[in-house]
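> What TrEMBL shows for this protein is this:
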REGION    1-25  region 'Disordered'
BINDING   Gly118, Asp138  S-adenosyl-L-methionine binding site
Amino acid sequence: MPKARKRKTPIVAPSSDAATSSRPEVTRSVIREFHVLLKRQTQLGRSGTKDAAIASELDRIQQRIQELGGLERYQHMSATGQKDDRGGGSHKIFIGWMKELGLHKREDKGKLKMLEVGALLPDNYQSCSSWIDCRPIDLNSRHPAILQQDFFLLDPLTNQEKWSAISLSLVLNFVPEPKDRGRMLRMAHSMMVQDGHLFIALPLPCVTNSRYLTIEHFKAIMSIIGFKQLKEKWREGGKMVYYLYQKEEPSPAQDGTLFSKKRELRAGPSRNNFAVMLADA
């Protein structure tokens, strides 16, 4: 008697039930949808227009966010993605690079003052507490040890040249507007001590499949702001790219106005629109 054919499970769009799943592919799908919804919500909120159509769209966005489990669910899923069974957190790469540079052997220089932006777990750097004094912040903190703080609202005077290291792991890609991404990088530069270190983690397609950004283009932007690249880690077919920079003087060799507008660097319908733009300093 022939064996019954096994029915294939249909692929469906994420729902509120899917949002409770811990499967990696579901987690990634829901996080991506959250990113799209929150980016659109921010764009509409900044438009300054309050007509009925925009109000209706904002209501629909908020309803969908709640269907997915709200911001608490998003934060939970993002934190789950840092667990060891999902490849571990990017902070491990940052720690490894800092040790390669000998920053853990500071002797009488005191601890490195680190600002961890977009922290999902309060103890990422606990194992390095003998040489790192970490201050984790997040826009929507889900732990009392993580300060709920908008990076853009940090006081520029009290934070000027304050931090020895800043981590922007999966943060830059969550900033809705390209010019605000450039502004975040410039703010990080002003907040760091001379020769301080900046860690950036991004989804790899941001620099390998964007219409408006390439690896070389991003390196030029960082140089203009005043960051020298020390480390880079990614692989073909991978999901992430990691960078380590050291603060230096802004580069006068390149015209910053070339990066003040979007310029198509790659053509094709499958490209994404991720970009980083530099407004006039």
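A Cβ is built for glycine as well, from the same backbone N, Cα and C atoms used for every other residue.
Remember, predicted model here, so these are calculated numbers, not experimental data.
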> How many other Cβ atoms sit within 10 Å of the Cβ of Asp138 (S-adenosyl-L-methionine binding site)?
22
> What are the sequence-distant neighbours of Gly118 (S-adenosyl-L-methionine binding site), meaning same chain, six or more residues apart, C-beta distance under 8 angstroms?
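Once residues fewer than 6 apart are set aside, Gly118 (S-adenosyl-L-methionine binding site) is near Ile137, Asp138, Leu139, Leu168, Ser169, Leu170, Val171, Phe174.
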